[in-house]
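Have a look at the structure below, then the notes.
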Amino acid sequence: MARSLFFVSLLASLAAGAPQPFIVHETIESVPQGFVHAGTPSSTTELSLRIGLVQNNIVGLQEKLIEISTPSSATYGQWMSTSEIAGFTKPSPQADAAVKDWLAANGLTAASTSVAGDWLTIKTTVGQANSLFNTEFQQFNHSDTGKTFIRTLAYSIPASLSGSLEVVHPTVTFPNPISGPPSVQAIGKRELTSLERRDMSKRAIPAACADITVPVCIQAIYGVPATNATSGDVKLGVSGFIGQFAQTADLESFLTEFRSDIPSSTTFDLQTLDGGSNPQGAQNAGFEANLDIQYTVGVATGVPVTFISVGGDSSDGELSGFLDLANFLLNEDPAARPQVLTTSYGTDESFVSPAMANSLCNAFASLGAAGMSVLFASGDGGVAGSRPRSCNNFVPTFPSGCPFMTSVGATQGFFPEVAAGFSSGGFSNYFDQPSYQSDAVNTYLDTAGLLEIGRFNASGRAFPDVSAQGVNFVIVNGGDVGTVSGTSASSPVFASIIALINDRLVAAGKPVLGFLNPFLYSKGAAALNDIIIGSNPGCNTPGFPAVIGWDPVTGLGTPNFAKLLTAVGL
Ligand SMILES: *[C@@H]1O[C@H](CO)[C@@H](O)[C@H](O)[C@H]1NC(C)=O
Ligand SMILES: *[C@@H]1O[C@H](CO)[C@@H](O)[C@H](O)[C@H]1NC(C)=O
Ligand SMILES: *[C@@H]1O[C@H](CO)[C@@H](O)[C@H](O)[C@H]1NC(C)=O
């Protein structure tokens, strides 16, 4: 009886052109920690939503990516063109038509925001979005920052679109307003002593590197050459978000003092998207952006560095920015595109909806397939996530849980180099353990991992993959000299070294390293300094211990330039 009534009312509503039956597409149990419900927004409030369409063969792309990034494969290094990648990621004609017809029937024109046509953007209102997605968008305030966001705890899509529509964002993904810059701990004003200054000009590892880190320390500890890159064909990209601006005057002061062997006029290129900009002047100095620029230009000697400033709606955190940046780079002429990208922003995985996390992760897979090494800082809260916080279960970070990017943790000191206690590491609750890391991670789990069993998900993708120095980096910010610590420092350092290896590869007529992980966990492992001391406390536990082999504090270890050259066959 109920059934036939339903049928009758369905026919009636179809006849009237009213909405079709909906199915719930994504839902979260409760308002995330730190947010409070703050009322119902006016139905005329404007909303910009990104719609991800189901890609026609993303599993095919993931398999191809693993194949071309595995050194033992016959097709290793045969990176794909944008159109080859789009062959896998574009939606099927049926999915494309289904979603666009539905939007058109609701008077909406979708702007395509990706070369494969797998992402659309619509401009709508809260009132219309409520009926499109059978939901009620609400206003939520973030208690600590007072920022206001429009989100919902669940949204639905017409049943006929299931299988065509992958994700709508932002909906159930709450931003982490304190997530960026996640990884810089503090800047304290600190002038170098004259003794430190003199010491830093020595060729061996200067003793002062025990207290502070400058480029000469990175060069000495990892054997990184100070000579110019020569191929002329490699580039290194640094992403910038949330109003963090890299200053040319600060870079010049930094190089004058800490890379006096290269021209202090060495600078970086700028690319912008989503209305991004890079205003100059001490009042615009961002210590994250300055750190990232000073330790790429200052370490990847002679490699052109591009600062990519992503603008856009800061109320969305940086997640839409990650997506737009990935689509921007994919669409870029390969000759102009950096083959290495370092990003020192991230969030806790639980803040990101599984569908959005998956879609972003697949965007990083596309970049990897195009021959890019995509590196992110792992986070600064030890096992507690992107930042220290109280917790019971360990908190994995995003995007470090994504298997198609390279996550970089932090170390400090030398002889011995040890784990930095804030270095985030652990196991994703969203992504399965990829096969390239099974041997390394299972060896860890069989021994040390048992200590904190029950607080983490042993079947998840484990991170970080690698690590690098990340403590007491000297930077110039707004004219002041200070020190910062964080995995934010480690990612630019590792990325710079990969860019220099790429330079040697290209000079030798070989392809660039591209997606790194299958290389790192096979041939590359022997080229990394295994870190076996330290741990990453958090959640009122000692965290994970660093041990022989891979560990969820320092990954496989830190770079050894000479051994990396050997590992890539140079
Ligand atoms: C939420 O934030 C807005 C804007 O800052 C403020 O006007 C409002 O009073 C806040 N509401 C609650 C419930 O905190
Ligand atoms: C490195 O390249 C820069 C810019 O091309 C140049 O000014 C500098 O002299 C070069 N340094 C060396 C040691 O070749
Ligand atoms: C553990 O991780 C797997 C992915 O490897 C996931 O399917 C599962 O839901 C996770 N468990 C919890 C409790 O989050």
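Cβ coordinates are placed from backbone N, Cα and C, and glycine is handled just like the others.
When Cβ atoms from all protein chains are considered, those within 10 Å of Glu288 (active site, charge relay system) total 27, not counting its own. Annotation comment: TrEMBL describes Glu288 (among others) as active site, charge relay system.
The active site, charge relay system annotation in TrEMBL covers Asp292 (among others). The secondary structure of Asp292 (active site, charge relay system), as reduced to three states from DSSP, is helical. Non-local contacts of Asp292 (active site, charge relay system) by the CB criterion (under 8 A, 6+ apart in sequence, same chain) comprise Val238, Gly240, Ala246, Phe307, Thr342, Ser344, Ser488, Ser491, Pro492.
Summarising the annotation, TrEMBL assigns active site, charge relay system to Ser488 (among others). According to its DSSP assignment, Ser488 (active site, charge relay system) is helical.
When secondary structure is read from DSSP and collapsed to three states, Asp551 (Ca(2+) binding site) falls in the strand class. Per TrEMBL, the feature Ca(2+) binding site maps to Asp530, Ile531, Gly549, Asp551.
Taken from TrEMBL, the feature domain 'Peptidase S53' applies to 212-570.
The signal peptide annotation in TrEMBL covers 1-17.
The record gives Asp530, Ile531, Gly549, Asp551 for Ca(2+). Within 8 Å of the mean position of their Cβ atoms, the other Cβ atoms in that chain belong to Ile532, Ala546, Val547, Ile548, Trp550, Thr554, Gly555, Leu556, Gly557. Here the binding-site residues are Asp530, Asp551, and the one whose Cβ sees the fewest other Cβ atoms within 10 Å is Asp530. Cβ neighbours within 10 Å of Ser488 (active site, charge relay system), excluding its own Cβ and spanning all shown chains: 32. Look at Ile531 (Ca(2+) binding site): DSSP puts it in coil.
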